[in-house]
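Database features, via TrEMBL:
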- 6-105: domain 'Cadherin' (DOMAIN)
- 106-214: domain 'Cadherin' (DOMAIN)
- 215-321: domain 'Cadherin' (DOMAIN)
- 322-426: domain 'Cadherin' (DOMAIN)
- 427-536: domain 'Cadherin' (DOMAIN)
- 561-648: domain 'Cadherin' (DOMAIN)
- 663-686: transmembrane segment (TRANSMEM)
Amino acid sequence: GQIVYSIAEETERGASVGNIAKDLGIDAATLSARKFRMITGSSKQYFNINASTGALSVNEPIDREQLCELKSVCLLNYELVLENPLELYRMEFKVLDINDNSPSFPLSEYHINMPEFLSPGARFTLPNAQDLDEGANSVQNYTLSPDEHFSLEMQIRGDGSKYPELVLKKALDREQQATHRLVLTAKDGGNPPKSGDIPVIVTVLDTNDNAPEFEHSVYRASILENSPSGTLVIQVHATDLDEGPNGEVRYSFSNTTSADLQRMFSVHPHTGEVTVNGVLAVQRPLLEMLIEARDNGAFGMSSTAKLLVEITDVNNHGPEITITSLSSPIPEDAVPGTVIALLSILDKDPGENGKVTCQISESLPFQLKPSLQNYYSLVTSELLDRELISEYNITIIATDLGSPPLTTQKTVWVQISDVNDNPPVFSTDTLDVFVEENNPLGAFLYQVSASDPDIGDNGRVSYTLRNSTVAGSALTSFLSMNLANGSIYAKRAFDFEQLRSFYFQVEAKDNGSPALSAAITVNVYISDQNDNAPAILYPTSQNGSVAVEVVPRLADEDYLVTKVVADDEDNAQNAWLSYHLAHSSDSTLFQLSPHTGELRTTRSMRSTDFLKHKVVVVVRDHGDPPLSSTVTVGILLADTLPQALPDFDDSGEPAPLLNATNIYLIVSVACVSFIFAAFIFFLAIVRL
């Protein structure tokens, strides 16, 4: 918005101008919190704002003539900037003129040389008074002290400006009065009016009665503001009807032309050529000078003409970019349209040369929007992502419409702050972990890792085990986890024979607000170790006795005596079993299949073979190192199952076939047979 105030110059310090909060509809109590500030291009701060009440007061008296020089309208432009939210208000102060300057003449006294033979009605230009005030407070009229020979008349130039002329009413007589002293008074229209005087000294001459006359009362010319020294502006020309030295004309600047203009331009005294003499360091588009033509008579006569020089602007000022306000860093979740910065872009050139276009790269997620006059807002045009781009160097290019155009660049560095918009991410959804059984307590199993592209607390990941059960027990009784680095440790020794595998989930959670999380499933496979010896299932012995197998007395070759059956709770090669004969009472009688455990005869049984045999079978797995078990098998050669099994001693040697009992039986049978034969023989003899 914009608001206009009017204030008279020289208003004393502390005087009230208005209430900015009330006039703009702003809550005065929020001014301080919203970090208000007044921005102006002036070198002085002429106004103050009370942060508590919003009252606008004079900070320093204003001298309108010093501030605005000869401008008809004197304006001071301020911008009021408020933050949270960012707002800009334009304030315009119109400085009103007061009659604080008296008319003044550029000379302390003015001299006029008049030939005595001039007729009444002759006219002489008088100096113009200058009054720094404007309007009615400037010079309004002139008066001349009473004199019988002279009167004052006002004349109008071709451009409408007025100037005083001294008119001769009565012929002069040098012999009666050689010098006339007059007083020219200039008055302004102020209330009360102010005035200034200059003595006008008229010297009566008795020579040269014609003054030079210019071809035009007003000359007009136009030059470029960057014209080099020596550039011809215009050539003026005046003629003098006198002859000889009285008709020779010399040109110069009138004493009423300002010293600054006389330094910037020069006029050739003989040709009347006006040329550039230095740098045209002026801000006004139209310069006004008075050229005086004076003859070379003993009592030179002169006349003046006005020269109006229009300064044509060239595009010699590039745009100026000023960062009025900048918000950096901005959060990456800022919605499109968020205001980041407020820019002021000015070009000191007037007209088309001072018009500016402004742009930034279309590839950036930002755009410039026109705000107030000469102001642009830098806003977001798309959603931002800090993880892709964390900062931007935004180059603002301002180009004026001059020919050739001038361009200015300014780079704004905008940082993007992080928000927690990314959950932790595992490299895979599932993970397989292998661990050997009989592990030590506290053994390291695996370290899971999740990445989070956010930064700070938003990217700091912690790990936890999700609640679950394994084989009916809580997961925490099996495993523990380092929350900081995701390392997993065993809290107990695993037994492959009881638990071969299980799974659980690990949750990774960042420290943002609100926190985001992700989970990974971990499959734990327990590897077997050779920690179980083979268990012999058959044949079995009871109470430490030897297992007995009965084999027919005359069994054939390859007769199946028995089959050793064993099992190993381990897995894979740890459970691959082989069978071996560790001991046999007769190594030529039995053989054992290493793969099936079948014990068979290697030949047919003979009557001379021992009746009892004993073999020791070793069952061995293929672990590293291998484990084994043994079983002792007693073999009884008999055609029928005896009522009582014989004992097998531990010597491992079979009992001999002709023991004491057998010999006794044989002797008894032999005796009975001998007695029976003797009786038969006796009977035969008796009968014969």
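Here the Cβ of each residue, glycine as well, is placed from N, Cα and C on the backbone.
Caution: TrEMBL annotation is automatic and unverified by curators.
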Quick tally over 6-105, 215-321, 561-648 of CB pairs under 8 Å to the domain 'Cadherin' (427-536) gives the top stretch as 561-648
DSSP tally for the domain 'Cadherin' (427-536), helix/strand/coil in that order, comes to 7 helix, 52 strand, 51 coil
Counted with DSSP (H/G/I as helix, E/B as strand, rest coil), the domain 'Cadherin' (215-321) has 10 helix, 48 strand, 49 coil
What DSSP reports for the domain 'Cadherin' (6-105) is 13 helix, 38 strand, 49 coil
